[in-house]
Amino acid sequence: MEVHKVVAPPHKSTVAKLKTKLKETFFPDDPLRQFRGQPNRTKLIRAAQYIFPILQWCPEYSFSLLKSDVVSGLTIASLAIPQGISYAKLANLPPIVGLYSSFVPPLVYAVLGSSRDLAVGPVSIASLILGSMLRQQVSPVDDPVLFLQLAFSSTFFAGLFQASLGILRLGFIIDFLSKATLIGFMGGAAIIVSLQQLKGLLGITHFTKHMSVVPVLSSVFQHTNEWSWQTIVMGVCFLLFLLSTRHLSMKKPKLFWVSAGAPLLSVIVSTLLVFVFRAERHGISVIGKLPEGLNPPSWNMLQFHGSHLALVAKTGLVTGIVSLTEGIAVGRTFAALKNYHVDGNKEMIAIGLMNVVGSATSCYVTTGAFSRSAVNNNAGAKTAVSNIVMSVTVMVTLLFLMPLFEYTPNVVLGAIIVTAVIGLIDLPAACHIWKIDKFDFLVMLCAFFGVIFLSVQNGLAIAVGLSLFKILMQVTRPKMVIMGNIPGTDIYRDLHHYKEAQRIPGFLVLSIESPVNFANSNYLTERTSRWIEECEEEEAQEKHSSLQFLILEMSAVSGVDTNGVSFFKELKKTTAKKDIELVFVNPLSEVVEKLQRADEQKEFMRPEFLFLTVAEAVASLSLKGPSLSNV
């Protein structure tokens, strides 16, 4: 068999290596490549298009695209208006703030966002988290002005955090919210949100401030004397209507407009019923009078000092992470369906600046919602102009239609919220996770039950902590396997995976399947020593020749640090004492370079013990074995 040499990598300066490492870490998409070799005018145009994606598609915009965007924009507006009012109440904010948040942020996103399908506005989970975290220290009833100030300040910090992640290209931080974590978190939050609506659906006036399931259910059954049969009847009727339209649209996607228009129709019909029958005099709670006009400025309400600074910063951080994760996940989902690319870092900047601007214009945390984006996509949206159309529709509502909402019953808003969040409970995905990875399923359950029985933020923290623990376990306890030869071939595979694979007498072939660093070097030392001892005992029992070669297959070792180098040096000393030669197979360039630097005495990086494949190593060493052992 021909033996190929392992060559040292081309020399690179430290600066060049650092530059390459930083580029691959923070700029894997190489955004500057489009500027190379271009005249200055072209560079300026492309820079403007990169910062403002609207400039990319705006010159080619046509009337046919406008027709599609107008239809989709009006469709999502019919959903955004009742949802905006409902989600604001979920966040313990005045209902009008929900409409403000459906006006300004979509305009900002239309200019800065890169997704064609993302429909921007308030979302249930971020609303729940914002309201619950702020209410722990400030009552929205006793001090509504301060509560509103803290909500806007939290929105500013959320936007600042989101935009900073995009500018610094640190989006990988949100990847710690794994799919299992999100499914459990969203499912638990959906149940908590639904339970919170029991206050409105039953007509209860005195309700607990806690969010977990036990206090909520206790409060519901402790105040049965406050239950209003009129409210219950209206709530059940509209809830059944909304759930029926949702089920119909799921069964027949072409009828998406049925579920999209159902919330607005429910608001209109219920408002007419309350107005005609004066139901507010018979126990039906209504929104009340809402102010007319566009968003008033709120930058003077932002708080950057005082005793509540830590609260708003923490609330902004949590809501920022959750809303950013949801927005990017939704954007990427629909981009994949339509075969176009969404730049994650651009999205972070767009969503972040959208919230920063929103905090100064009486808006609270917004992002791209899955329900509205799905409707936007089904309605035929072609560009972000659909967000502009939705925003203009909300503007008209704010200017001229606000008196119509005075008699809108709160119970219908609760029914709208329950219908919207029930889709967040994804049982098929949970079953899929159970089949694939039991630990991920455990993480999902911890997130789910943590949200339900503790709090939204604690449930999220537990799930993220378990995800980090899983990553640490994978880093500190890397996979390492014994390899054997598949008879009749030159292929070497895991002995425990391929039962036909056979270990070669006199050789111990180990495959390390991770970088070797300070976190796992001690574990690898103990694991390797144990296998050497077991192999020697096995050789003695079967009366084979003694173990002569320890072969390390290193194709998956992408890097080593100082501790990793020490691991190999100590391993060489250990094997030398046992008259065993240490052999390296296919070490990568970074590993070769560092080991050669550390091997000043040329003790273990000798060419005769470096091979490209395990088969070449075994074939070559089998011929030279006895002589090489004494070199």
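Cβ coordinates are placed from backbone N, Cα and C, and glycine is handled just like the others.
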Are Ser139 and Val220 on one side of the membrane according to Swiss-Prot?
yes
Taking contact to mean 3 or more CB pairs closer than 8 A (sequence separation of 6 or more), are the transmembrane segment (224-244) and the transmembrane segment (145-165) in contact?
no
Candidates 145-165, 310-330, 411-431; stretch with most C-beta pairs under 8 Å toward the transmembrane segment (348-368):
145-165
Taking residues 6+ outside the transmembrane segment (385-405), which of them lie with a CB under 8 Å of any CB in it?
61, 65-66, 69-70, 72-74, 76-77, 80-81, 84-85, 95-96, 99-100, 102-104, 106-107, 109-110, 113, 118-121, 267, 271, 287, 289-295, 376, 379
Please list, for the topological domain 'Cytoplasmic' (331-347), how many residues fall into helix, strand and coil according to DSSP.
12 helix, 0 strand, 5 coil
Is it true that the transmembrane segment (145-165) and the transmembrane segment (442-462) have 3 or more CB pairs under 8 Å, sequence gap of 6 or more?
no
Based on DSSP, tally up the residues of the topological domain 'Extracellular' (193-223) by helix, strand and coil.
19 helix, 0 strand, 12 coil
Within-chain partners of the transmembrane segment (310-330) [C-beta distance under 8 Å, separation at least 6 from its ends]:
118, 123, 125-126, 129-130, 133-134, 136-137, 150, 153-162, 165, 171, 174, 177, 182, 185, 303, 342, 344, 347-348, 351-352, 355, 365-370, 373, 457, 460
Residues of the parent chain within Cβ reach of the transmembrane segment (411-431), under 8 Å, 6 or more residues beyond its termini:
82-83, 85-87, 89-90, 95, 124-125, 179, 183-184, 186-187, 189-191, 193-194, 197, 199-201, 203, 231, 234-235, 238-239, 242-243, 246, 263, 266-267, 270, 284-285, 287, 370-371, 441, 444
